[in-house]
Amino acid sequence: MQIFFILAIPIFLAAGAFLIGKQKIFCTLNAIGYLAVLVASVMLLRKMVLSESANSYFSFIYFDALSAFFIFVISVIAFAAALYSISYIKKDIDSGVISERKAKIYYILFNLFCFSMLLVPAVNNLGMLWVAIEMTTLISAFLVGFYNNKESIEAAWKYIIICSVGIIFALLGTILFSYAFSLLGDVKSLNWSDMVANAGRMDKNILKIAFIFILVGYGTKAGLAPMHTWLPDAHSQAVAPISALLSGVLLKTAIYAILRFGIITIKGVGFAYFGNLMVLLGIISLAISCGFILVQKDLKRLLAYHSIEHIGIISIGFGIGGILGVGGALLHVFNHAVTKALMFFGAGNVVNKYRTHNMHVIRGVIGTMPFTGFMLLMGAFALAGMPPFSIFISEILIICAVFLKGYYLVTFLLLGFIAIIFGAVVHHFSKILFGSIPKGMSVVKEPLSGKMAFLFLFVQICALGIVLPFIKKDLIWMVQKLFQG
Amino acid sequence: MQAIILFGVLASTYLMVIAKRTPALIRYFRYQSFFLFLATFAVAIEERQIDLYIIAGLLFVIKVCAIPYFLNRIIKRMKVSEDLGLFVNAQLSLLCVLGFTYLSWVFAERILAPRNEAQAIMLAVAFFVVLAGMFLMVFRMTALAQIIGLLVMENGLFLLASTVSGGMPFFVEIAIFFDVFVSVIIMGFFVYRINKLFTHIDVNKLSRLKG
């Protein structure tokens, strides 16, 4: 039942944004709406974990523990972004960067974007899954090109073209999956639940080819290297709350799609095929992002390359499998989303204040914006994987899983890249956070709603670093069962 | 009948690859979509299914009429050069694409295990159209050519879907049509923006964001 609330609230809010003229009233209403979505998603997750079964409605909506988990992650970040938007959009209106009317468009698009992302984990039909993911691209392209200057339009164009081509390959993969299914001669269906039940009897060669297309297609959207080229452009040019959503959860919805097809592939051809491909792409992503992080000059692009790194780690985790691998990867999905959202909010504040993305120019953030500076400092360490923050826990789980499986070369590469990236992050952020304050910069007071968004995320980063809320038959155990052949 | 339609699809794709100007490209795209429409319509008459009639109708309205009209209007309103900007000249393009034709035949015959010769040919043509669309996207420089390349890829997928599994479920097919239509409109909107800000639509020169 909660699923209908979760899907309906963003639609109503989009309509509300269209109808309500006063921005001041609506932005608060928006945040309250997403709080409701968050509460509903927690209830949904709880129900799914306790009941240990899958639910479906009219064979259109289908969800199990895996879907409920992704819906939960999306609603956490959507709530934080809605909260942060209040102060961010107000500042943009006050400084004359955007008009009131443009702010209205922003809120309509924001809600439609959240709706399309929440729809992805809820649908059963793999064709509709494709449509929902394409919808996220089309809507967010406007949010990437929102400021309508040369850079943002270029970024939006690359984003929409590269992701559309990628998604065409995903559709090709989907058609091949349905072909493999139709060869069985039972029923004509694109439903995931039907396919997974018959996966063992499908033609192995076609499944293999089809999964490659899926991996290339949705991998483009997920930002897996070498199909990642749109990602740094789009993330650096989007409005700050949207950057957080793009990096925090949009990439994860594409990972979710890969996992759904991956589960069919595992049941059909065995785990090794799926696992090796995921690990390979993960290592390539780590290697490429590592190089770009070292030489990066642009603050938001730096964070974007971090997303590629973490998507690589997640994909390695799922590729290794088992309770440690899948568990670590699931936790990493959540931890990376929260941490990256915090960092993009911080970067948004910094860019607003200094009016540049260039890290050679930004100096002394701790001095000019004590609160944001402190949060960025903590977030940078969390992002790099320092204990006691949450990313450390999920990374160590994945590293253990890789090591225990006997992939020593992968362990070595993983540890090496993480160490190099750690150094690069500390170097870049110490430069911009400390140092003398540039002339003419004054200390600013930060609005409460912005601070609330930071604190909301920061509490989760710390909490999951210290306590792992596991019970005996829990979420992770249930999800990793899905990945068994 | 089916052979003629497939031949038409193939021929219009080759014509697209050697086209040098945008209006010609759009015209050949219209031919290709028209042949797809004929193919769907023929199946619809054979199987007497109302769903297939609706899909054929949508194909005609959206891909044969609306999208080419919309793209032509963009060209007229923007007054940009109609030259496509070929990275690879027409002869070499044709050679590459002939190579693709052979590759897709090998792929269709060896890997996909088709039921009979006719299905193998259809699979090969469908894959070839997808590859040709990708070729257009990569080796033509204007933003409009990229949109058309994407549409050609989508046409190939439509053919593939109708070949291998008798089409997608009805409402998925409708959703995909809607999606394609909306994405073309949105891309057209961005082409306007690019033209306004940069005063050209040569995507090869969009290189402000790097590293």
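Backbone N, Cα and C atoms are what each Cβ position is placed from, and that goes for glycine too.
Those TrEMBL annotations? Automatic predictions, nothing curated.
The domain 'NADH-Ubiquinone oxidoreductase (complex I) chain 5 N-terminal' annotation in TrEMBL covers A:61-92. Per TrEMBL, domain 'NADH:quinone oxidoreductase/Mrp antiporter transmembrane' is recorded for A:124-413. The transmembrane segment annotation in TrEMBL covers A:6-21, A:57-84, A:105-123, A:159-185, A:205-226, A:238-259, A:271-295, A:307-327, A:364-383, A:389-407, A:412-433, A:453-471 (among others).
Long-range neighbours of the domain 'NADH-Ubiquinone oxidoreductase (complex I) chain 5 N-terminal' (A:61-92) within the same chain, counting only residues 6 or more positions beyond its ends whose Cβ lies under 8 Å from a Cβ of the stretch, are 3, 6, 23-24, 27-28, 30-31, 33-35, 37-38, 40-42, 44-45, 47-49, 52-55, 98, 103, 106-107, 110, 114, 117-118, 120-124, 191-193, 239-242, 244-245, 248-249, 252-253, 256, 259, 330, 333-334, 337-338, 341, 345, 348, 352, 446-447, 449-450, 452-453, 456-457, 460, 475, 478-479, 482.
Only pairs six or more apart in sequence are counted, and the transmembrane segment (A:271-295) with the transmembrane segment (A:159-185) gives fewer than three Cβ pairs under 8 Å, not enough to call it a contact.
Counting residues 6+ beyond its ends, the transmembrane segment (A:105-123) has Cβ neighbours under 8 Å at 3, 6-7, 10-11, 13-14, 17-18, 26-27, 30, 34, 37, 60-63, 66-68, 70-71, 74-75, 78, 81-82, 85, 89, 98, 129, 132-133, 135-136, 139-140, 142-143, 146, 239, 241-242, 245, 249-250, 253, 256-257 in the same chain.
Note: the domain 'NADH-Ubiquinone oxidoreductase (complex I) chain 5 N-terminal' (A:61-92) comprises 28 helix, 3 strand, 1 coil (DSSP; helix = H, G, I, strand = E, B). A contact between the transmembrane segment (A:412-433) and the transmembrane segment (A:364-383) is present, since 3 or more of their C-beta pairs, 6 or more residues apart, lie under 8 Å. In summary, the transmembrane segment (A:205-226) lies against the transmembrane segment (A:307-327): three or more C-beta pairs, each 6 or more positions apart in sequence, are under 8 Å. Contact between the transmembrane segment (A:453-471) and the transmembrane segment (A:159-185) is not supported: fewer than 3 Cβ pairs lie under 8 Å, counting only residues 6 or more apart in sequence.
Contact between the transmembrane segment (A:389-407) and the transmembrane segment (A:307-327) is present: at least three CB pairs lie under 8 Å, with pairs separated by 6 or more positions in sequence.
For the domain 'NADH-Ubiquinone oxidoreductase (complex I) chain 5 N-terminal' (A:61-92), the mean pLDDT of the prediction comes to 92.
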